[in-house]
Each structure stands twice: as structure tokens, then as C-alpha cells.
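**Q** Mind looking over this structure? Questions follow.
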Amino acid sequence: MFIDYWTLSEDVTLCLSFLYEVVTVTGDVKGAGTDANVFVTLFGDFGVTPKVHLASKSRTAFEKNKTDVFRIKTHNVGPLKKLRIEHDNTGMNASWFLDRVVVTDMNRPHLRFYFACNNWLSREEADNLFVRDLLGSLNPMDVPKLNKYIVSVFTADMKGSGTDADVFLNIFGENGDTGERRLDSDKDNFERGSEDKFTIEAPNLGRLRKITIGHNNRGSSAGWFLDKVVIDDMGNKEVYEFPVNRWFAMDEDDGKIQRDVLVGSMQPMGIVYNVQVMTGNVRGAGTNSKIHMVMHGAKGIKNSGKVFLEGGAFERGLIDIFNVEICELISPLSRVTIGHDNGAVGAGWYCEKVVIYCPFTGIEQTFPCGMWLDEDEGDGLIERELYEMVSLRQKKQKKYPWSLWIWTSDVKGAGTDAQVFLQIYGERGKSDEIKLENNSDSFEQGQLDKFIIEMPDIGRLLKLRIWHEKRHPFAGWHLAKVTLLKTLTMEKYSFECGRWLDINEDDNEIVRELPATGAYRVTICTGNVSGSGTDASVFLNIIGDLGDTGERLMFMSKNNVNKFEKGNHDEFLIESVTLGQVRKVRVGHDGRGGGCGWFLDKVMVREEGQPESAATEFPCFRWLDRNEDDGQIVRELVPAGDGLRLFNVNYHIAIKTGSVNGASSDSKVFVKLYGEKGDTDKVILAVSDNDLRNYYETGQTDIFILETFDIGKINRLLIGHTNEGLRAGWFLDSVQISVPVHGMQYMFPSHRWLCKDEADGKVEVEIYPSEVLEIEQLISYEVTVVTGDVRAGGTNANVFCQIYGDEGKTEVLALKSRSNNFERGTTEIFKIEALDVGKIYKIRIYHDGKGIGDGWFLETVDIKRLTMEVVETFTFPCNRWYFFPCKRWLAVDEDDGQLARELVPVDEAFMKKGDDDEEDSEATLGLEQKAMSTTYTVRLKTGDKKYAGTDANVFMILYGTKDDTGIINLKASKTHKNKFERGMTDEFTVEAVDIGPLKKLRVGHDNRGSAGWFLDWVEIDAQSLGQKLRFPCGRWLDKGEDDGAIVRDLFPNSLQTEFYTPFVPYEIKTFTSDVFGAGTDADVFIVLYGRDAVCTQQKSLCVNKRERRMYFERGAEDMFIVELEDVGDVMEKIRIGHDNRGVNPGWHLDRVEIRRLLRKGKGSETIIFPCECWLAKSEDDGETVRELVPSDIITEKLSRDGSLKVTEVEVEDALETHTYKVSVMTGDVYGAGTDANVFLTIYGDLGDTGERKLSKSETNSNKFERGAVDKFTMEAVDLGQVFKIKIRHDNSMVSADWYLDQVEVFDVDTEEVFLFLCERWLSRKREDKRIERLFYVKRDSSTASRAFVIIIGANHTQTERLWLDLPDGRKGFEAGSLESFESHGSDVGEIKKVELGHDGATPESCWLVDELSVAVPTKGVKYIFACKCWLAKDRGDGLTARVFNVLDAEAISISQKVIYELTVVTGDVQNAGTDTLIFMSVFGANGSTEEMLLQKNEDRFERGQEDTFNMEIDDIAPLRKMRLRIDGSGSRPDWFLDKLRSNYNTGEVSVFTYEDWLSKTHGPKRTMICEMAAVVDEEVMVELTTYIIQVRTSDVAAAGTDANVWIIVFGENGDTGTLALKECNKSNKFERKQVDTFRFSDILSLGDLSKVRVWHDNTGLAPGWHLEYIDVKDEIMDKTFRFPCDRWLAKNDDDGQIMRELACANNDYLDLNEKTKYEICVTTGDMAEAETKENAWIVLEGKKGRSKEFVMENSSKKKRFLRGNVDRFEFSSKTLGDIAGICLVTHTSVHYQTIFCFFVLCSINFRYIFSCNALIPLSPKRDDFLTFECTKTIESFASKARSLVPVKYEIIVITGDEKGAGTDANVFITIYGTNGDSGRRQLRQKFRNLFEREQTDRFVLEMLDMGELQKVRVEHDNSGLSPGWLLDRVEVTNTANGVTTIFLCGKWLDTQRADGQIARVLYPKY
């Protein structure tokens, strides 16, 4: 379909609901049924559904022994974990005995969860619960056990503390909550001083976080003082204590009867939510029932628990306000549940809305209700889920909740009755004055009062001011202390007072200001390794932002008598002022005692009063032992996760003892360093780094490493000794301190005694540095090496590593310490000082293979480094962590035999992703590694010579431009067990990281065994780079052959290098089922499919027999990382199968998971393909190949905050599996049948079936016999619309030749039939000798519906429906037809989309659209949309309209047209009107148009009439002349034309006057063709002239001709039209050596001429003609133009052409190397602010260079750049080539602006137009240019004429491959270019049958240079027996410059097919 479209002048959010089927089975016991409302809540991995009402249309739901099925729509919560089912206890018989619930995920029906209950939901029966949590299982026989919680409730022993009310409890854990449970047992509960025990069964909640406990205020004495609650978690063997110690009473304390209590916390730390509940203003709206509410957080995962809204009136039209306090920040809320207990008379309630404000987030949310909660109204519900109206949400100032505790001292008269106030000051401001009030008597002697206050964020608290009103008689108050706790961050501040606020006591002040102080609780955790405890004295120093605690001896453990024993957690209390943020901890011991070595796990520090969860953790996990690790016994620790060893700096201290007699010392030496940033503590130097046993001996240098915080530049050093031992005196020579991290070395000379008995008797001395040297600066790396926990995984070899970064690489670093390293399952951490290599991109790690058991399984390597980023005066350390997973052997006899591995880093979040998943905590990162590394497949070919093989060990090194791989031992060949044997090719896999393009490789061997080796070549294939390199060798590596070398360097042969599209990595996991015989040894292969049938090659997952035996075992999960083609964003299906070889080839496959990396951003997606069936000849349907479609896609994406976001999406529109019945009809011709094996592949628009063997015919035992029909059945994933098949045979057996008549494919599922007419031989002997063919479907794709298009532009602008109504009253689009339409619509700007559709609503009105093309002539573009899709209710996706995006279309440039208003005036004479066909051609200064038909439209062109209409004409303005032609058809063929007017939108009117007849019979001229000159503003554009044409025939034998000759002359103003060379001065024309003169008068002058086209009709006896030249004289111009030829125009001579184009010889070549003159026209904008008085400068930028700066002068005498003016300037410059742009600037010291609208730049050959429309800034700088690109280029006529030189064009015509595609007609071509057209040329060749099916025909035509080709017109004359022709494409090559232009067609030129046209205009494909 082709449409000409003429222009005249939101985000959609899909709310996808998820469907679950809920089946309830009511038990078979008496009274089991219920008439209450039943609700269900589903809990899944992704969240929690709202509470859903199981509403039944039948009144008999939930009857005894009945099964009820409900379909509920809610959001996807992922795999279900548990279910909460409940009823509202309404109705006559509310009690319900539920047997079980079954929930099916309707999107994945195989996911069916069974929830066993077998219990009552009843107030009266069993345990009185009518809410139950049920655990789910996929196995109906598996009943998951609930966890038991023993709840002990302790009521306080004080007056009135017991209660008669009903007590409710809800327990919250990390996995959810129990729901509200009533604590009720038979005895009288909750009496004073009692302990009550209850058992609660619930799913496992994990670690408990909090409880909600409260009562319903019923009974005579409802008030209750609760001491504490203790919960014993039986399943997890944990006991949790919840201290409460508060009243639950409306008239005591704060009046609350429900509280949230955190585990272990005495703090009231709730977040207060302000809740407003509005009762509706309708009759009977109020209620006396108890109202409750549940607030739900995001996704419903967290909730508030049931909150009773006590004290509210709930009267008609009133708003009740409550402050609800819960210990969870869940704002903003996702929904609110509100309901009542239906417990009062008139219980029904009309709720209008609920408004909830959370001060902490500042969010106020409105939840409209507007419904009854009444069992007698509406739907009978008494509880509803309310959802927010988001448009009403308001943001207010945030306020943070704080817990305030005030202790009144226990001294006589300490209490006060006065009103107490306080104000708090922080770093960012202060709070308002806070008035403290309480219900009960507060501030009594020895009492603790608790309050919750809200404050804005004032930063860290500094002080508190507290005072009271002194007017009260008992106002005096002795305040002990105040504490404040920020409930969300657990920041705690203490304010000690211990003074009176009394006008009669102390200093008589009643205002106190208190500073913040604190105490720290320290937990020291000793490790659980052998010998980890210590008896030494341990000391600790806590260091914070505001100071430190100093070293404190850890003497009194709070919880263990014997401290620091193996596995102990010892607690200590350190009193201190507030240290601010705790930054580090210094911990150590004195090294005394037998077992002084100590393994410290960690130290935890928290402020006193805070829970354990708020502690700062300082991990160590190291020895403090002289004989382990690095030998240190004092360590500085930093908080967890911060690269533990990197924050400290290593100070290398070398101490030299003097060489004088008695200089050595036995005493302990200590040092203290003083630096710019701080001082170290005094540190005993206990363990030396150079391991000299006896320290401080005469003349000896001892080296120690002091690891401490960075003290900056060292100023001085204190060194001394403890003066212990027999020979304590010491002569210290010097101290040298090196700090590699700073790149500094300090020299401290001493040369003195430190001895009581020598010199001054000092034993310690301060020394200042004598010199400071700069040494090579290093940085610290922390390298963590994890050895795998596999058998023999450890190694005794020496391990080394090398780190590579952007800025270089480190030296080889040895990884060793004092401990036994690299044992199985261990983790070692090494701190290494090495060069800063910048961002690390890889490491190489290897060992030397020494020692017994050197093989090593390396799990991972982590490298952490510290970079310092300085911000103002604060230094913020910032870690860089690099994770290098390995999980491979470094062993000769394992894996690929390599002892070295190159590892690339992956993101930390990927490493941690497995932590939460208990099933598979191994994070497999092979895919990320694969993507970052390059895998080289190396093939080595051993020569086919005698003794060519070798037994030596072969190695190789690959050298890239950046780096090399190091030595690779080629141990494990993938192809042969015995490697490098004669004539064999061995394959190895080598992995390397970023070594750059390969430049050479080194290959050699170690000369062991029979070592001589002849290496033929090495081939290296890098699929991820898309290249295969061949390194030729062809030489011996043998000591006794060639040159004796056994190592050679090889270089790639560039001619043998292959390039292809790079592959991408996929991680493919296969899960073999756990059923008998499930495993296989066969060769398993896989193919991946994307959208639009894009697929990978077939890939075998195993490369050899060994791997095939190893993988695919029963119950196994096998992972393969393969590199394959990229199938695009969507993976539609996979094909997996095997070759059925091996012992037990049958395979039961459970599923396949394919993981691949996301295109943008870090992360991956895993696509799951379930299978759950056999691939076996002997099982199921006998298929060994299956096609699988995806069920789920799991995406793991790295968020900006570094966390890993995991989302699971169900594939909703996955393809289904269809059954296809294939009927194969063998032709009824002699020898048609075949005995060969036949293979078939079916292709659809969604994919293909893969090749299937047609093995078992369902109709004939002997298949494929002459005239027979054989039927086969195959299953495949939905192929969509089947459009082709590939069928072949293997040419086996005796009679293999086969004549195939047709194939029919029937899709059983859609009942569609696809017919393939074949009628071809598949034979090696017949036809084209092919045994494989492709056939395309024969379709019935017509429609009788009415079609339309809608053109859509930017910003959703679009035309109305443009109906495509067929002409001539035809109904419907026929199959195979091609229809063209012209439509007019509003201008939508740039076209973005096109919608095509039809109005057919019935299933029969189906339409298969093959192609849609939309041409927009006014924009000069044509879009071709390859549709190939159904517009049908019952085909494809069921759409009858489709939107096509122009980004998917092929855009073709066509000639741009403009709209002219044309007025045709018919003369007012008798019979002037006409109905003949009128054709018009227009000629302009910039080209000419083709002939265009002027539409009659019934009433046009009648006598005396003016007809005005729009015409789209090529943009050739200004117009010069017009040619009109009539064809003499019709009943009134004569026409009297008066004149024509054309009006372009610029306002220029051209008038063309004729005032005569166009007729064969009327008027003086008797002509049917006329030319008229354009008259513009009374100026005639073209004058009349007389042309005298002289034709000279050459002086060669038989040069003359008797044929008829015609000529067309071309010039500036178009062409003359066809002139017959008839009337001549000679009677016998065109004779040898003769000049014939022809005179043509009254012809419109063409101006300068460019070419002539001359031809003859090849008639007469001797038509061949040798033409020498043609002269054309224009009499008006008095100028003669010569057109030399000197060629034959003859079918049998020269190149066989009888048409020639001759260029004018007058247009001599111009020398363009000289200077060129440029004329510049500047148009200033027509607006007030547009003009300027300044000069302007311009620079021209051409393709050959840039001009100098030209000034465009603007003087007072000659003013330029005035508003709306056009100014002209002339400049000379060197030739710049084609002008691409201009740079423009105006200079001034004042800033105002001018605007230039338009620039026109003219040179000799070209005119360049620049549309600026921009304000040019007036700039004081000379280099402030504005640059404009050239908008339009117009070539001058003279330039075009000069370029007309003869060029040979090769024309290749390719005929299509369909039945009857060839033609016997004569074919003609016309080529159009920027320099004109070629004329109509016949494509002919002697003795050749042209244009046959699937044939390529070549022709060479000589023409004048056409310039850039714009289109071709191909046509035929419809002659011959079968003229219909399917043209595939035309390729035209300009042999002079080698440019080929391709013109695609793919359409019929046939009067009986498509649109019946036998001529087509084709545009180039760019």
C-alpha cells in the first residue's frame, strides 16, 4: 500500500492486577459453616496483599463440608509464605470450622499453595480465635509446623494493678506479626502480683522486634499496671524480655490503654501519629462500638498492629482526634484498615474519612471512606480497607520524637508540684519552650517520670535549660538528672544535675543549665578458635570526635567471672563525658602470663541505656599474639565495613643500638610519636618485624612496625625503656622512622646512654629529627584471600599477587604472615604497602607450586584501599573495595591446569546478594567475570610430518598492546587427551583481562621427553571481541632441527584475520530432575531466540566426552557460561535438545535458567524456562528437542546507593506451545519420489521450529512416494504467522531426487492453514541442482473493510482519520494488490508515528498488510514500513489498527515538493471546454518537473471558466516557462486555453499566456503541445528565439542513416521538448560527410546550453549512424554551441546504443586554484531591536580550509544592518571548496544585540543559503563567534554544465524468486540525478534470455554524469507471452567514482497483479 500524505499548513500507567484463585474447604463437623464475612490476606516474598473479602454470589458459601472457589484480584506478592484468614464474627452462626485453604497463582497455575488449618475460627469454640495464620506448602501432604511462643505476663504488685478487661497481644518479628491475639485462659487472669502464661501458635517470626499490648477497657476495674512481658520462642530457643512498668488506664499516667514495647527496652520510644476520624453527617451515622484501626506501611510489609481508638465520641458529623503511638516509622502509609467490634446497640457506623499526620515525615494523608460499616447496610462489612486520595496529600515541617526521662532525687522534700519547663539547645538551633504536664502526680521524691516530646531537627544536643514556676508553695525541687533519647536513631544524651531548683536552697536559683554527658557499655568478644583466650591484662581506649577515654584496664566484667575466655562476650562499663561520634578503639594486652596470646573477634561500644542493636561494632578477627599473624599485641580498630586495616598507618621504626661496650639492654623499650595531627600512646616495642630473637644487642638494628592512626608529619619522638632486667642500661645510637604511606623517612640521631648509672641517668629521651627524606610514596591495600572449603583446597606453596590499575601495576607482592596460611576454608587478611595504581581493573594471583599438596582452590580475593578526599579542612576517608570472585583451582591436575588466574572486580552488592538466600548463598559471578575478561579459544595445529608431535610441556604467552598474560601452561586440551600429536589440532581456553589488541604470542616447551615439535599454526578466536587471528609458524621447536629454538614469537597474519559481530556472555543453568534415569551423557545443545525471530547459533554446552559424563546427572544443577550472539532485549524462547547418543541418552529436564547482564547500568536478569518433561526417544512423545518459553524474569539491578535491587516479574504474554500438522505432497511426475531423509524448518514472525526430521509419516509406511500425501505432527512454541519453510534432503539412498509439489502447515491451536506451493525439484541432477529450498506462504490476506491512516506528529498532534477509499468504486483490498492514495491532512510537523487500521469488526474481516509506505512530498521524505502483520480480530494479536513508529521505518529522500496555487483560464469561445487529458511540465531556474496530469474533477476546464486548485510541484523556483500537452482523448479533445496563473506562498505570481487552441483540427497551429514563458510583474522571464541546428555526419564507411532522428536540447531554462529532425535543406538527410541544417523558429530561449540528447528509431535499410557533431545556434543570443560526438548510434556497432547525450564543448573547465570571489547578502530581521550600528565580522568555513576574517563595514555615511534591509558585500579569498558554515560576530564594548535572519553567499559555482534567525550577541571579545551551518546549497548552471562528462554506468537488475517472476517483455530504464535524467533507455543484450526468475542481469550504459542519483523509473512494454515481472531491485554503479546506489523494489510490474502498473519509480536505499 502506498499513501501520499500532504500537509496543508502521556505517560500511560498500566495498573496490572494479579489474579489468585482461593479455594476454602469447610470441615465436616457439626455447626462447621458460617454466615460471617470471611477475609483473606496473602503474605509473599514481595509484600502483603490488602485484606480481601471473600464475597460469594451464592448465599450458601462456607457451608458444612463445602468447597468454595473465589477469584481475587490484587497485586503480585510473589511466592506465598503464609496466609491470614479471618471473619468479622457477624451473623447468626459466626463460628466456622475451616479444613484447609488452597491458593493458586493463576498466572503460574503450577504454583499451587496448600494451607492446612483443621481448626475453628470462633469466639466460642477451641482456643476462641477467629483469626488464623496458616503456613503454605506446595506439597498437599506436607503440613508445615507452626512455631510456639510461651508468653508470660507479669502484673505489678501494687494497689489496683490487676484488670478484668480483655487483654490483647500482637508480636512483631522480622518476618511479620502474629496478628492480634486475645490472652485468655480459664483462670482469673491479670491479678495483682501474678504471672500469667499463654501459648501462642504462629508461623516463625524470626527475631522478635516489638510487641503491642493493651486491653479493651471493659469491666469494673479496667486499669492495669503491667510490669513486663517475657516471651519464650520455643522454635528458635530464644527468650525475649519486654520491660513495661507502666499503667494501662484511662485515668492514670498518660491515659493510654495500649502500648508498643521494644525488646529489652525500658524506653518509651514511640512515633506519634495524629489520627483524625470523621463520622459522616447522615442519619444514624454514630456508633457506640469500639473502633479499631491498622496502619499499613509501604507494600503492606510493616503495620501498626490493631490500634483501639479509645475515648472517641464517633457521633454524627464529628471529628475525633487521637494521638497513636507506635514503635515503627511506616509513614507514608499505603492503606488503612478501620473497623469496629459490632459490640454495642446500634453498632452500625458511617465513616466519612480518616486523616493521618506523621510529624516525623511531615506527611498528612487523607483516606476517604464514605461508606457504612454495618452488618445491616450495604455489603454488610464492619471493617474496610481505605486507600489514600493522593491529590489531598500535604507536606508539613518534620518533627522528630524524643523520649524524655526526668529523675527526681531521693532526698527529703525533693519533689515539686510546680509547673516544669525546659528548653533544649543543639548545634542547629534550639527547641521551643516545652511545658511538662502529666495526668498523675509527677516529680515526686525518688520518682522517674517519662514523657514523649517532638522537636525539629536541631542537630547534636549541647545543653538543656530546665526551670519551674516558683509561685507554688511546694515549688522547691531537687533534680537528679535528665536523659533524652531520639527514638529513631537511638542517640542518647544524659544531663546530670544533682542540685536544687529552689529559692530557699543551694544558690537560690530555680533555672539550671545542664551540659550533655554519657557512659559507654563495651562488649569485648573473644574468638572461638583454639587457644583464643588470654590471661593477660587487657586495656582499652575509646576515641571519639570530642576526645578519648584514655587507656582503661578491663578489670570487672559485668557478666563473666573468668574474662576473655574462648567464645566469651565480656561487658564493661566505662564512665566518660560524651565523646561525640566514636571513631575508633585501641585495644591491647601486656603480653604477660603463659597463655597470653589472644584472638579478638570484635569490640562493641554503645552509649549506656541504648539497646545492643545500636552498638558500634569494631571488628578485629585477628590474633594479638607475638607468634601469630603479624606479631602485634596492640591494635587500633575502626568501625565495621570500613576496610579495617586501612585507616591505620604503618610506621617502620628501625632502632640501632650503639657499638660500644655494654650497649645492649634487656629492658623493654617504648616509643611515643608526636605529630601534627596528634600523638600516639606510649607503645612497648614487643615484637620485631625482622625476627631477631634477642633485641637491642650491641651494634644491632631492630625493626618494628607500629600500626596506629595517622598523626601526620612527625615532629619529635619520645623513646625510653622500663629499666627492668639484669642489664637494663642501653646505648641508643639512632632511630630511623619510615612512613611509606606518606613517602617520608625521618632520621633521629641519639648517640647517648639511656641508663640510671650512665651520663645524666635518664632512661627516656625526646629526640627531634635531624633530616627528613622523601622516599617512594606507597599506599595501603588490604588483601583478603578466601581459600575454598573443598577437599585438598589448601596449599603450602608460596602465594604471590600483582595488582593492575589505570595508572600502572604493582611489583609482585608475596602474601605471607607468621600464621599457617591458605588452609582449607580459611580467610586471610594481609595489609600490603605498594604503589598507587589508581582504579584497579584486575589482579593476577598465582603460586610457585612448591611443597606437598600445592594445588589450591581459591574462593575469592577482596582488595580494599583507602583514598583520602579533602573537603575544606576536614578529611573524610573513603573506601574503595574491590571484590574478585574466583572459585577455581590453581593446580596442575585440576580445572584447566593453570597455576595463575587473572581476576576482575565485581560490585560488592553482587557479592552480598546470596547472604539472605539460605538455599543458595553462593553468589555466582562467572557471568560478570566473563563480561569483563576476554576468553581466547586457542587452537594449535601440530604439523603432519614424521615425529612432528611432542610430549614436552608446552606453554604460551599472549602479548597485547597494554599487557601480557604471563606464562600459560597448556595442560588440559579440550579435544584430545594425548596432546600435540602429529596432524592434530588441540584446543585450549585462555582467559585474560584487558591486555589490549593482540600483537604477538610466544609459544615454547620445556624440552622434556620426546620433545621435538613441528608447529603448523596457532589460531586465536576472541568471540567477545568478534575477531579470529591466525599466527602462522610452520617451523620446528626442536633443539636438533631448524635453528634449534624451542621458543618462538609468532605474529598474526592480517590477511587471515576474520572479523564478526562480537558475542555476549550468557550464564546457562540446567536443572536435571530428581527422577529415576533423569541424567544423560548425550551432547546437549541450546539455541536462544529473541524478538522477530532473531536467534543464536546452536551451541553445545559440553566440549568433550569427559564433560558430558560429568554434567547432567540426576538432580544436578549445572552452570555453563557461553558466549553467543546478542538476541536483543527480550528472550522469547529457547530450544534445547540432545543428539540421543551415549549409554542412557534420555534426559528429564526440570528447568533452564539463563542469566545475562543488563545493557545499561550494573546488574543482570535471570530468565526462567520451565520444562518438567523428558527429552527421550523412549519417553513421552519421543522428542529429544524441546522449545521452552519463559515463566519469570528476575532482575538484579545496582541502585545508586550501592544496594542490589531484586525484582521478579512474571512473563504475562509468553508464547504458548502449538501443535502443527504438516502435509507434504510429492508431485505426480516420473521419478518424483525419494528415499532420502527429509528435514523441515518452519519459520514464523515469532521464531522458527529449528530443523526437524520428517521421520514417521502418519499416512504412509513408505514416505514421499510419487503423488502421495504424507502427514506429520510436530510441537513448537507459537511461531506466530508462518511465512516460510526450509525443506531439504540429505541426498542419501539410491533414488534421492524428489519433486515436491506443495506443503501445507496446519496450526491446530489457531486452526490456521498455511499453504506453500513448491513445484520444484530437490535434486543434484535436475533444474538448478539444489537439494535445499526456501518457500514462502500463499496467503488469503484480502479485506473488504474500509481502511484509514492517522498521521501522528510530535506532542501528540495528529490528523483526523484519513480514509483510504479505493477508486472506481472497487470494494476491498485484494490479496497481492498494491494500492496508492493521495490524502490531504493538517500539518503535524515532523512525523513520529503512523496508525493504519480498518473498520472491520467481525473476525472474517482480516487483512494482512505486507508493506505500507507514506510519502510526504512537502517534506521530501517517504517512509516505508515493513508490516507483515495481520490487522484482524482473530489473527495475530487481535488488533485491527496498528501504530508504526518512523524510527522502525526505512526513510527515503524523495524530491521535495512545494504547494502552488494554480489558476487555469479557459477561453470564452465556442466549444472551448474539454474533457481530454491535460499534462503539464514546469521549468524553473533550479530544474524542471516531470509531466503531471491536471485532474478534470468533472467540472474543470469548461468555457469561460477559471479553475483554481493546489498542485504539488518540485521546488524549482523561480519559474521560467511551462509546457502543456493534451493527448487528444475524450469526447471533446479540443481546448482553447487562455492563460494560467501560478501563485507560490512567497506571494510571487507567474502568468503564462497562450490565448489559442490546443487541437489537431482547430486554430492556426494545429498542435497538441504548447510552451509559455512566465511573466512576473510584467517582466517576461524567457524570450522567443530561433534555433538553427546543424548536424554533421562523420566521414567513415556507412556513416549515414535512413532512420528518423530526434533531438532534445537542454539549457538554463529547461529543454525544448522532442524536436524531429525532418525539415532540412537537403532532401537526403544524414549522409556520409554531410552537414544538415534544421531551423526551429518561435522557440523559447533556453539561455546557455548544456547538452543535447539525440537518437533514432533504427528504421530503414542501414539505420546505423556515425555522428561527428551537432551545432546549435541561438539567433537572439547570437551564440553557437557545439556538441561533439564522434560515435556510432547503432545497434550493431560500438556499445550498441542508438541514443546519445552530448555535452556542450563551450563550457571549458575553470581553474579553481586561483582566488574566488564571494558575494554575501545579509538580511536583517524585521523587528525594532534587530538592527545594529556596529561592524560585523564573518569567517567562511569550507571543506578545503577556512578564510580569514572579513569585515562587513557599517559606517555613518553608508548605514548597514538596518531593520528588514538586505546588504551586499564582496570579498576575495583563496578557494575554500564547498562552504559548510559561517562564523559571525559583532564587536562592541556595550552589550546589546542584533538579529540576522538570512544569509546568502554566492560564488562562481554555488549559492549557499544560511537561515540564522538568531540574536547575534554584541561581544567585546574578538573570538566570541556564533557558528551557523549551511541550510541549502544551489549549484550554478555553469558549474553543472561543466560537470557533464560521459560516464559509463553499470546497471544490475535482479529478478525476484517467486513462481512466474521472470518476463519476456522489453524493459526500459530512466535514471534521474541532480544533473537531469538519462532519457528512456532499453535494457538489451544479444543472445541472452534476460530477466528470468532469481536471475541477475548486468548492462553498461554510457551517459553524461548524472550527479547524485535521485530515483530510477523502470518499465516494460507488456509484450511477449508472460510479460508479468517481479523486480527485486536495481543497482546502479557509476564506474568513474565507484559509487553504487541501490534501488529496492520487491513489487510486480504486471497488469494482472498488485496495482496493475507496469512502470515503477524507485528511490535509493541509503
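Heads up, the Cβ atoms here are built off N, Cα and C, so glycines get one too.
What TrEMBL says about a protein is an automatic prediction, not a curated fact.
The domain 'PLAT' annotation in TrEMBL covers 147-262, 271-387, 400-515, 518-638, 649-768, 779-904, 1064-1189, 1218-1336, 1327-1445, 1458-1572, 1585-1703, 1716-1830 (among others).
How about a rundown of where these features are and what they're close to?
**A** Mapped onto DSSP classes, the domain 'PLAT' (147-262) shows 0 helix, 63 strand, 53 coil.
Mean model confidence for the domain 'PLAT' (1064-1189) is a pLDDT of 86.
Here the domain 'PLAT' (1327-1445) is broken down by DSSP into helix, strand and coil counts: 6 helix, 59 strand, 54 coil.
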**Q** Looking only at the domain 'PLAT' (779-904), how are its residues distributed among DSSP helix, strand and coil?
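**A** Output for the domain 'PLAT' (779-904) reads 0 helix, 74 strand, 52 coil.
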**Q** With Cβ distances under 8 Å as the criterion, find the stretch in 271-387, 649-768, 1064-1189, 1218-1336 that has the most pairs with the domain 'PLAT' (400-515).
**A** 271-387
**Q** Could you give me three numbers for the domain 'PLAT' (400-515), the DSSP helix, strand and coil residue counts?
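**A** Final tally across the stretch: 0 helix, 62 strand, 54 coil.
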